[in-house]
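Accompanying notes for the structure given below.
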Amino acid sequence: MNNQRKKTGNPSFNMLKRARNRVSTGSQLAKRFSKGLLSGQGPMKLVMAFVAFLRFLAIPPTAGILKRWGSFKKNGAINVLRGFRKEISNMLNIMNRRRRSVTMILMLLPTALAFHLTTRGGEPTLIVSKQERGKSLLFKTSAGVNMCTLIAMDLGELCEDTMTYKCPRMTEAEPDDVDCWCNATDTWVTYGTCSQTGEHRRDKRSVALDPHVGLGLETRTETWMSSEGAWKQIQKVETWALRHPGFTVIGLFLAHAIGTSITQKGIIFILLMLVTPSMAMRCVGIGNRDFVEGLSGATWVDVVLEHGSCVTTMAKNKPTLDIELLKTEVTNPAVLRKLCIEAKISNTTTDSRCPTQGEATLVEEQDTNFVCRRTFVDRGWGNGCGLFGKGSLITCAKFKCVTKLEGKIVQYENLKYSVIVTVHTGDQHQVGNETTEHGTIATITPQAPTSEIQLTDYGALTLDCSPRTGLDFNRVVLLTMKKKSWLVHKQWFLDLPLPWTSGASTSQETWNRQDLLVTFKTAHAKKQEVVVLGSQEGAMHTALTGATEIQTSGTTTIFAGHLKCRLKMDKLTLKGVSYVMCTGSFKLEKEVAETQHGTVLVQVKYEGTDAPCKIPFSSQDEKGVTQNGRLITANPIVIDKEKPVNIEAEPPFGESYIVVGAGEKALKLSWFKKGSSIGKMFEATARGARRMAILGDTAWDFGSIGGVFTSVGKLIHQIFGTAYGVLFSGVSWTMKIGIGILLTWLGLNSRSTSLSMTCIAVGMVTLYLGVMVQADSGCVINWKGKELKCGS
């Protein structure tokens, strides 16, 4: 039997040595210390120092450190941080006093000189880029190596919009109200302020411009930003649609075929309808239209033409004429003043002085292209001054106007008027076209006020005009901004708070009051930012509300105004007077359409065989009695029976029948005209008074005694002429004079003052209108009939 003990595979565990070693190794201590510190354990100073270390290295703290940081008492933590600041300041002073070796400086200079170094007034100037923000900028000076620090927040890309100011020398004091400082000598610094896309800084504020409302001109031309144009276009669309139902249906069909949705179809139809009213008869499609009617034998007619209105003249045995003032042109107007509405600034420079060192100065202050401002700022140890107090500061920036507007003076001798005369022929193409193709244009200038135009088949018409616009150009300025123009009040234009320069043509413009478009920001110890306001074009458009808008084309300006003309019709002949009356029947081509002047348009086609002939046309009541209507188209005739004829007439108020033709074959059309004769009388009277107010000085001519009576007569006729015609339309010339004499006699013999004055006034007006007719009129004496025949 083998009694020997077997060897164990592993040594047995010593129970006496099972406890941990009481003295830790170095690695164990470091591991335990760092682990506790990361969890926030340890003395407060140690933990706060570790937090500062982590922040310098941009390492995020752990949750334990954040928890311990939140548990610190405020006063104790502040005392510890103040101690840190004191120690760091001592370290900085030690480093500043240490003399660097030449080898170390030579090693640092290539990396520090990433900027451009130049001089300004014998002092060093740094031109830095965006990458130098927060870096130490080192360069050699006579006083040694100068180290500058720049922490400007507006440091951007280099461009013409630069900022230049002086960095103060600071050694021991902490910087205060400065973003740049040096340790050896004062140094100028220049940098750009543009963004990466090259855009300049702008202030979005707009200048407070007084509106032009209430200072506009009293003309029929619509004003800027008014709703008149929109309403006129809507009325044109309505009239055109009712007059041309076939084209309206075609437009509806096209919109339905092109559009894919109800909204799209509606938009397309509206756009089509807004375009179509451009095809309209010359005077029929114009809302402001005046009728001037002369009697048999009239040889001349006085008319006053306005922009936006049309005059239709009628006289027996004379053709009906549509006359319109197309445009009033002025060439090469003199520039009164230029205003700047958009500018940019560059080369912003600031200089400052410490207290008791006098006023700050800049060379740019003497340059008229720079805008400058002086102020005072707080200075002291923290920004390079030995004394505390107010120091002088001046900032200048170069001003350049980018967009400007011009105010021009219009001179009478530079005016040129274009008048178009169209004969009412009844041609179907004339009705469907508003162009100048069917009219004849006459040109009137102050040098050539008389013009004779030839009207095909109707003879010659002589226009003898007085080239006076009725506008007082001493009070009116033609304002031009980009491609738009307005007529504005001169004093309003001169009072606009915008930078201005004279209208004289010079190689270099000198702007006054540039500060109106420039904003100087809050001034700091060594620097002041300057920004320019944005474009004022929108503010100007708003301020021009109520001004008369003008259309411009090239160098010629078209604007509102008046033109007084005498139409000499002695050479005019009426075509077709010798034709016989048509005996055949007529067919209505289109439904009778009403115009906006109370007249109707009738388009008929002749079915007879005796053309050419005159078309019988009349207005009758239910019993067949001819009523007092008016035929606008003089002597309507049929030349070619294959072509329709358009006839314009004015039926009486109420129910009536429009009769085209004669006998049993006549075409009889029922018509109802709204309104009343009395209402029309008051409306025409008010319109005449308004016309006299609009014409102003053009309605008066006090050059002689005869001129005085002519002007007074014109006033009476313009205001009371229509009312007189309605009240005494069926009274003979002798009876009119008798009524006027009777009323005047009653007034002279009345004991009541008010009744006497009323009777005398009414009697004199009645007597005057019965004997003489003025203004838009034509007169001739008929000795055989003992009557003075004039147009009304």
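Every residue gets a Cβ built from N, Cα and C, even glycine.
So that you can see what the record holds, here are the features copied from Swiss-Prot:
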{"type": "DISULFID", "residues": "CYS283-CYS310", "note": "disulfide bond"}
{"type": "DISULFID", "residues": "CYS340-CYS401", "note": "disulfide bond"}
{"type": "DISULFID", "residues": "CYS354-CYS385", "note": "disulfide bond"}
{"type": "DISULFID", "residues": "CYS372-CYS396", "note": "disulfide bond"}
{"type": "DISULFID", "residues": "CYS465-CYS565", "note": "disulfide bond"}
{"type": "DISULFID", "residues": "CYS582-CYS613", "note": "disulfide bond"}
{"type": "DISULFID", "residues": "CYS779-CYS790", "note": "disulfide bond"}
{"type": "CARBOHYD", "residues": "ASN183", "note": "N-linked glycosylation site"}
{"type": "CARBOHYD", "residues": "ASN347", "note": "N-linked glycosylation site"}
{"type": "CARBOHYD", "residues": "ASN433", "note": "N-linked glycosylation site"}
{"type": "REGION", "residues": "1-15", "note": "region 'Interaction with host EXOC1'"}
{"type": "REGION", "residues": "37-72", "note": "region 'Hydrophobic'"}
{"type": "REGION", "residues": "378-391", "note": "region 'Fusion peptide'"}
{"type": "TOPO_DOM", "residues": "1-101", "note": "topological domain 'Cytoplasmic'"}
{"type": "TOPO_DOM", "residues": "120-242", "note": "topological domain 'Extracellular'"}
{"type": "TOPO_DOM", "residues": "281-725", "note": "topological domain 'Extracellular'"}
{"type": "TOPO_DOM", "residues": "747-752", "note": "topological domain 'Cytoplasmic'"}
{"type": "TOPO_DOM", "residues": "776-792", "note": "topological domain 'Extracellular'"}
{"type": "TRANSMEM", "residues": "102-119", "note": "transmembrane segment"}
{"type": "TRANSMEM", "residues": "243-260", "note": "transmembrane segment"}
{"type": "TRANSMEM", "residues": "262-280", "note": "transmembrane segment"}
{"type": "TRANSMEM", "residues": "726-746", "note": "transmembrane segment"}
{"type": "TRANSMEM", "residues": "753-775", "note": "transmembrane segment"}
Using Cα positions only, nearest of the recorded positions to CYS613 (disulfide bond) (CYS310, ASN347, CYS401): CYS310
Whole-number mean of pLDDT values that fall within the topological domain 'Cytoplasmic' (747-752): 74
Cα separation, ASN183 (N-linked glycosylation site) to CYS565 (disulfide bond) (Å, whole number): 86
Rounded to the nearest Å - Cα separation of CYS465 (disulfide bond) and CYS310 (disulfide bond): 16
Minimum Cα separation from CYS396 (disulfide bond), reported as the residue among recorded positions ASN183, CYS340, ASN347, CYS354 that achieves it: ASN347
Shortest C-alpha distance to CYS401 (disulfide bond) - which of the recorded positions CYS310, ASN347, CYS354: ASN347
For the topological domain 'Cytoplasmic' (747-752), the number of residues DSSP places in helix, strand and coil: 3 helix, 0 strand, 3 coil
Minimum Cα separation from CYS372 (disulfide bond), reported as the residue among recorded positions ASN183, CYS310, CYS354, CYS385 that achieves it: CYS354
Other C-beta atoms that fall within 10 angstroms of the C-beta of CYS582 (disulfide bond): 25
Integer Å distance between the CA atoms belonging to ASN183 (N-linked glycosylation site) and CYS385 (disulfide bond): 14
CYS465 (disulfide bond): tally of other CB atoms within 10 A of its CB: 22
Cα-nearest neighbour of CYS310 (disulfide bond) within the listed recorded positions, ASN183, CYS340, ASN347, CYS582: CYS582
Neighbour tally for CYS401 (disulfide bond), based on other Cβ positions within 10 Å of its Cβ: 18
Spatially closest candidate among ASN183, CYS340, ASN347, CYS582, the listed recorded positions, to CYS354 (disulfide bond) (Cα to Cα): ASN183
For CYS582 (disulfide bond), the one of ASN183, CYS340, ASN347 that lies nearest, given that the recorded positions are compared by Cα: CYS340
